[in-house]
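A quick write-up on the structure given underneath.
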């Protein structure tokens, strides 16, 4: 069993009690909620005449179902209007901080919390959303929970969990030019398999991880769940502290130095013990694209669709289904695959650095005539910053639609959907069957830069052909 890792330290600090059956009762330092998984939880509190235990440790925003084309109230979508109105009323009743549309701080919950300084090293963070692992980029232990656990956290600020094992993923060397965090994490999931992380927390480390910006680290941790891990984290360092300093909710003045000193003490010790260690050479990673129906089914842009015996054993069970659904054959090149829709956004890649990279590719270029392309900033703050830098004009001039913040086509709960058997180049995190709104829609996951390149050519392309000119 792991010893003296950051995960062990944070877990032990937040363990309230040992429970019958071997699980632990864990205190949650920050509870993030949104409009989709919270209504039933609040309803359960009302049924039992309970109040939120620590409303000051709960923060809400709207993201999943909000329209990105027209956010004037009331929304055209009655369900969206109802869900957001319900969250607003629940937050007022229970005195919970709520960042609504137009507040300047609304957006995807996993984008908003870090940019406000709510996410901090050493925290336990829970949210009714799979990609809560994003916050582990700051050295927190963050995990998605179901609606019943959302209820438990609202009522008690604790949940029952079995302690996870810890696997260190050591990324040697550095990423090459034109290779991004999205490429690296897709490669990791491909190498380990989509079930390898079950029962584990992933600690990402090594020179390649140290080189990444905080926003790139969030991309890595965001997709931990796609490799089966309940959470993923990175030890905090000077980049972490620099990013957090002077954020709205970060410690201020003399409390800042005290906080940094404590955060540094949480780092995995030199003599810590991991349950497993996986090593890879980051310098060998190519621009990576999914070809199948799990994030583990990915290849480099210049590679061919693998045959069954070339696929990781953990992924073989759906490989044949993926061939049929995606209309790919073993040995077929992924490069030059025609694209219909290009989407840049999501909690994985909807931050300002993602938009900057994509805009650099798009500048002085035009979206192909057959392509529908749109960019959805991850938050109102990201949108504001992008407009100040003129990024919105670059996207619009190239032929992209500029949208308002929200989850959008990542999960297609609003009107942003694929139609029929359209193929999308998407910077989101999941390529499951029907994920982007159409039962027959096909999703190719890739970095924002690769999406931008695909939008120009109308097909899967190597972004290095654009940035190395």
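First residue shown is number 1, and so on along the chain.
Using N, Cα and C of the backbone, Cβ positions are placed for all residues, glycine too.
According to Swiss-Prot, the features are:
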type	residues	note
BINDING	347, 407, 410	[4Fe-4S] cluster binding site
Cβ packing number for residue 410 ([4Fe-4S] cluster binding site), 10 Å threshold: 28
The one of 347, 407 whose CB sees the fewest other CB atoms within 10 Å, among these binding-site residues: 347
DSSP state at residue 410 ([4Fe-4S] cluster binding site), helix/strand/coil: helix
Cβ-centroid neighbourhood (8 Å) of the [4Fe-4S] cluster site, 347, 407, 410 excluded: 63, 64, 108, 110, 131, 345, 346, 348, 350, 378, 406, 408, 411, 428, 429
